[in-house]
Amino acid sequence: MKRTATPDSPALFDLVDTGPDFAFELEAKKKGFWPVAGTDEAGRGPLAGPVVAAAVILDPDNIPKGMDDSKKLTRQKRESLFVQIMETSIVSVASSGPGLIDSVNILRASLDAMRRAVLGLEIPPALVLADGRDRPPGIPCEAKAVIKGDSRSLSIAAASIIAKVTRDRMMERAGVVHTSYGFEGHAGYGTPAHLRAIESHGPCALHRMSFRPLKRD
């Protein structure tokens with residue numbers, strides 16, 4: 001994201017979304033922090049299934065083209081970039097299941113998945129760029145929280161794509177096991193069809209009982 005001024009009013013600025021770039025990473029390298037990993041999660045909002053986190057260290061000489069916040073990409077584009085990222089980057093994935101989510105809350109479960117994803121990288125990073133307002137605790141390196149990081153940092157964007165595609169595939173498999181809920185279609189989100197299925201069949205082991213409307217007062 002960068003600011004540009006119109007020629008006739010240089011004091012007024014328009015926000016222009018140019019997509020993520022490698023500026024955070026290169027600035028960190030100038031300061032002696034290298035390599036840099038990006039981390040992000042997928043699945044904080046659904047009523048069912050895990051929250052999945054990924055950590056990615058990109059090869060600066062071989063960065064896949066077209067990366068962005070995974071939510072802005074088509075499924076086909078995400079799948080294509082997933083393959084490219086896996087082939088060119090150092091990648092680690094971790095997840096927190098419904099039990100942990102219900103036990104400690106979704107934010108802590110998400111940050112813990114990020115922490116484990118970072119610790120699982122084959123090469124330890126000198127700096128971690130984490131999407132959002134919070135830094136994952138318990139990692140043995142510097143960390144920086146980047147608000148809307150998946151739209152600003154290519155490393156975080158890559159992590160968002162890996163996390164999203166991984167979680168979607170997990171929920172597709174869950175739909176084969178738990179056939180009454182349609183997980184393969186809505187990935188656990190609270191769609192009308194999913195809510196009707198819960199009403200008809202009750203919750204299953206994948207449901208987050210601390211989330212409304214599953215939570216009982």
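Just so you know, glycine gets a Cβ as well, placed from its N, Cα and C.
The annotation domain 'RNase H type-2' is assigned in Swiss-Prot to 34-217.
Sequence-distant neighbours of Asp131 (divalent metal cation binding site): residues of the same chain at least 6 apart with a C-beta under 8 Å from its C-beta are Gly38, Thr39, Asp40, Glu41, Ala145, Val146, Lys148, Gly149, Asp150, Ile156, Ala159, Ser160. A strand conformation is recorded for Asp131 (divalent metal cation binding site) in the three-state DSSP classification. Annotation comment: Swiss-Prot describes Asp40, Glu41, Asp131 as divalent metal cation binding site, evidence class sequence analysis.
In the three-state DSSP assignment, the secondary structure recorded for Asp40 (divalent metal cation binding site) is strand. Around the Cβ of Asp40 (divalent metal cation binding site), a 10 Å sphere holds 32 further Cβ atoms from the protein chains shown. Confidence for the domain 'RNase H type-2' (34-217), expressed as mean pLDDT, is 98.
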